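Undergrad: I am attaching a structure below and will ask some questions about it afterwards.
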């Protein structure tokens, strides 16, 4: 699978996990390969609309040459299908996140795609740290250069989030359009584990449509959020909608982790506050095997 041009730059551990899972599930090699390709498409192929790494490099070069960061970032984000869906409401989207979170000194962006290009819209404290992770090694390498043109310290790496979630001891964690993919990869139980590993979930954003725009998911946004949050010690206290996305504000339940409950509508001091976003009410393109293999 790594021999295919589309997938050769993916995190080897991610591909090896899928190959091992396919081999354990199917004795027939053809069926195993088909299964693994479907999982690759669900987690990566369905979201690529161009050449993300090249788009990031071009964005950095334009900003360094004097281009307006928001204009350059918005253009580059169109090289990633999932990130591209958010370009029309970036400003109100992150204004609401800022209202809920306040200025953040540290951010972790899981399954980031090209969302780090949205830094100019985010409420970040001076010198903030922005750590971003995806399965594409070349894209992660390109994203590191954002630290040369954005007023943040950028760390980027290729990580298989289903196998291990990076430590989230930060102010805000962004997990955009990822919960459904995690469910497809490992099932609902793994989603609960995924949420617990994030330590403190404060926001959740769901896509109202798939990449194709078709409706028909068995679950709606509320169902996915409630299932993901169940047993984590957090509750939904507010929500908002932008275009095809729904945001959910979560805070710790009273007395969890030995701490008192925060004031109504406020985040608990010192807690990580992720924004999580997944397609929730439409059957995604990711359900199909990638015909290009």
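Heads up, the Cβ atoms here are built off N, Cα and C, so glycines get one too.
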Undergrad: Of 222-257, 258-293, which range does Swiss-Prot call region 'Disordered'?
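TA: That would be 258-293, per the region 'Disordered' entry in Swiss-Prot.
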Undergrad: Using a 10 Å cut-off on CB atoms, tell me which of the binding-site residues 81, 161 is the least crowded.
TA: 81
Undergrad: For residue 81 (S-adenosyl-L-methionine binding site), what is the secondary structure by DSSP, using just helix, strand and coil?
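TA: Residue 81 (S-adenosyl-L-methionine binding site) sits in a helix per DSSP.
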Undergrad: I'd like the Cβ neighbour count for residue 134 (S-adenosyl-L-methionine binding site), meaning other Cβ atoms within 10 Å of its Cβ, all protein chains included.
TA: 28
